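Single-structure report; data block below.
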Amino acid sequence: MKAVVFAYHNIGCAAVRSLLEAGVEIAAVFTHVDDSNENVFFESVAKLAARNGIPVFAPEDVNHPLWVEKIRQMQPDSIFSFYYRHMLSQEILDIAPKGGFNLHGSLLPNYRGRAPINWVLVNGETETGMTLHTMTVKPDAGAIVAQEALAITDADTAATLHSRMTHLAGELLNKVIPQIVAGTHSLTEQDTTKASYFGRRTPADGEIKWANDSRTIFNLIRAVTEPFPGAFSYLGERRVTIWGATASEKTYDVTPGTIVETKPLTVACAQGSIVLHSGQAENGLYLSGDQLAAEMYLVEGMRFGPQASAVIAATRRQKVLIMGANGFIGNHLTKRLLDDGKYEIYAMDMSSSQIEQHLSHPDFHFVEGDITIHNEWIEYHIKKCDIVLPLVAIATPIEYTRNPLRVFELDFEENLKIVRACVKYDKRIIFPSTSEVYGMCTDEEFDEDTSPLITGPINRQRWIYSTSKQLLDRVIWAYGKKDNLKFTLFRPFNWMGPRLDSLNSARVGSSRAITQLILNLVEGTPIKLIDGGEQKRCFTDISEAIEALFRVIENKDGLCDGQIINIGSPDNEASIKVMAETLVEKFEEHPLRDQFPPFAGYNLVESQSFYGDGYQDVQHRRPSIKNAKKLLNWEPTIMMDQTIEDTLDFFLKTAVEETK
């Protein structure tokens, strides 16, 4: 049998040896270039392959068509993956007639995902094992070929368990590889109801929470000890890594984290205590617990805990700079941040009509100004604040053809200055991209990470807005890669609600669709349906959209860093015509209905006559919100009818007030 192997780490080496011992012809080994930032404590798959005369490769993207074709030319019967760190595409899996097989370090379906050896120790499991399973595009989900269990003892650490699992991998494969070669192996589907999934671990996950019980802390320490970065805690600003410890049931009536003895060095937990056997001060030597206490001058009553500066930073209210605070997104976001009470807002806009109620708030500092003029004020406040939201843009479709250069100057050039200032002062920017960047994409749902961004020809000037935003997205992404700019791009999909533009802006034709339609009802003029209103959009309630944006600002666990997030409601898809009909229905039922003229009907209008030359429309715009679900734990629930009702109510009451 001929195989192509994807392998890394000690377990990868053990697996390659098992294949060779079984007489499998290995056409090539794909592995990884060792990361200089990683503690490379493990054996080299590349060296093992080279010593056995096996061609070895380490491509950046093994799923690239060039590599797929190269693998196809090798004509493997089977594909094996042994602790290879990248997913293989379906194209690669389809090459091998006998299929693909992956070795996973747990008893599947438990502990699918990353770092299972560390996770089972963290969670205090008493058993783990090795599983060989068929490969599917979904990670660790294929049918089980063979499985061996392994008991976990209190003496196990990440190092010892990894060594034992490496040995187990060899034993398992020595039994099952001959069966695969002979075609006599069996398959058992996984019970998905018992599946659990765990993500990657980072060094930051090793911070000790002393409010846990001693057993939980002991499990963390042994799960991330050498050769991994280690569990750690702080004494003020002094970081201490704890390499070895035991759990004691003895409980002390003190605050968790308090040093209660120095010989042996003992720290109180919420329940029980931890006896430290070995540790290391930052930039210090690996020492016994007792010597560590002596050399760091530790005494009873001192307390381990979070880094002092981090505690201060966590309690300090973050400063947020909002440019365009009087706009639709800006005024709703301002209210949400002030209601939370953890943010201090600095804001600029050319008017304060929508935020007057906040002007006296002690945490709201507003300046009336123009971002094209007040460059020094803006740069000073970017330097002063923690988070920057540049919400100033021309975002009404008629302006794209009426004033294309003005759209470019404001939406791109002025915002580029802000982006560069964020790079200069190392500030986090949350940038409003737009659903318009997807243009005429034909995907059923627009995906932030995979959907193509397709715009029309140059003579269709309506695309200048989309292109300006897309280019800024690309510039921000490049700054993130090159200069470590902290950023999140969010893409609104037809956010709708009270204070979306104004009736006055609708009177001059510079508003979004629903506000324009409400003006028609208020003034008794026909509702204009551009090209019959057949274009479909996914309407999103502003309250839910702002909640998603608020969670982006919160950025729990840094999950939003470097991400693009669609914020929209895919289940609220409707044509402009249906939206208009719903609006008219709500209008006729409204308590203020008798204050306004009779409904004047619908007027079907060609887009060119309404928008002018250079316009081109999009027939559907439906977002994928997988990133919002995963990163923000956000999913919209408010239906379009309710949003239309709330929006209409606001503008009708506003119109009545204006006539008094």
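Using N, Cα and C of the backbone, Cβ positions are placed for all residues, glycine too.
The active site, proton donor annotation in Swiss-Prot covers His104 (among others), and the record cites sequence analysis as its basis. In this view, His104 (active site, proton donor) is surrounded by 24 other Cβ atoms within 10 Å of its Cβ, with every protein chain counted.
The feature active site, proton acceptor is assigned by Swiss-Prot to Glu436, with sequence analysis given as support. Within 10 Å of the C-beta atom of Glu436 (active site, proton acceptor) sit 24 other C-beta atoms, taking all shown protein chains into account. Under DSSP, Glu436 (active site, proton acceptor) is assigned to a helix (H, G or I) in the three-state scheme.
According to Swiss-Prot, the active site, proton donor annotation covers Arg621 (among others), on the basis of sequence analysis. Long-range Cβ neighbours of Arg621 (active site, proton donor) (same chain, at least 6 residues apart, Cβ-Cβ under 8 Å): Ser435, Tyr438, Phe446, Phe493, Asn494, Lys536, Arg537, Cys538.
The DSSP secondary structure for Thr136 ((6R)-10-formyltetrahydrofolate binding site) is coil. The Cβ of Thr136 ((6R)-10-formyltetrahydrofolate binding site) lies under 8 Å from the Cβ of Leu93, Gly142, each on the same chain and at least six residues away in sequence. What Swiss-Prot lists as (6R)-10-formyltetrahydrofolate binding site is Arg114, Thr136, Val137, Lys138, Pro139, Asp140.
Annotation source Swiss-Prot lists NAD(+) binding site at Asp349, Asp370, Ile371. Secondary structure from DSSP puts Asp370 (NAD(+) binding site) in coil. Take the CB of Asp370 (NAD(+) binding site) and look out to 10 A: across all protein chains shown you find 12 other CB atoms.
Under the heading UDP-alpha-D-glucuronate binding site, Swiss-Prot lists Ala395, Tyr400, 434-435, Arg462, Asn494, 528-537, Tyr615, citing sequence analysis as support.
Per Swiss-Prot, the feature region 'Formyltransferase ArnAFT' maps to 1-304.
Taken from Swiss-Prot, the feature region 'Dehydrogenase ArnADH' applies to 316-660.
Packing around Asn102 (site 'Transition state stabilizer') is summarised by its Cβ count: 25 other Cβ atoms lie within 10 angstroms of its Cβ, all protein chains included. Secondary structure at Asn102 (site 'Transition state stabilizer'), as computed by DSSP, is strand. The site 'Transition state stabilizer' feature in Swiss-Prot is assigned to Asn102.
According to Swiss-Prot, the site 'Raises pKa of active site His' annotation covers Asp140.
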If we take the residues Asp349, Asp370, Ile371 that the record assigns to NAD(+), their largest CA-CA distance in Å comes out at 8
Mind computing the max CA-CA distance among Arg114, Thr136, Val137, Lys138, Pro139, Asp140, which the record assigns to (6R)-10-formyltetrahydrofolate binding, rounded to whole Å?
16
All-chain count of other Cβ atoms within 10 Å of Arg537 (UDP-alpha-D-glucuronate binding site):
23
Candidate nearest Val137 ((6R)-10-formyltetrahydrofolate binding site) in space, where candidates are the binding-site residues Ile371, Asp531, Glu534 and distance is Cα-Cα
Glu534
Considering only the binding-site residues Asp349, Asp370, Ile371, Ala395, Lys528, which fall within 10 Å of His104 (active site, proton donor) when distances are taken between Cα atoms?
none
Of Asn102, Ile371, Glu534, which recorded positions are close to Asp140 ((6R)-10-formyltetrahydrofolate binding site), meaning a Cα within 10 Å of its Cα?
Asn102
For Glu436 (active site, proton acceptor) and Asp370 (NAD(+) binding site), the CA-to-CA distance in whole Å is 25
How many other Cβ atoms are found within 10 Å of the Cβ atom of Val137 ((6R)-10-formyltetrahydrofolate binding site), counting all protein chains shown?
11
DSSP, reduced to three states, assigns Asp531 (UDP-alpha-D-glucuronate binding site) to helix
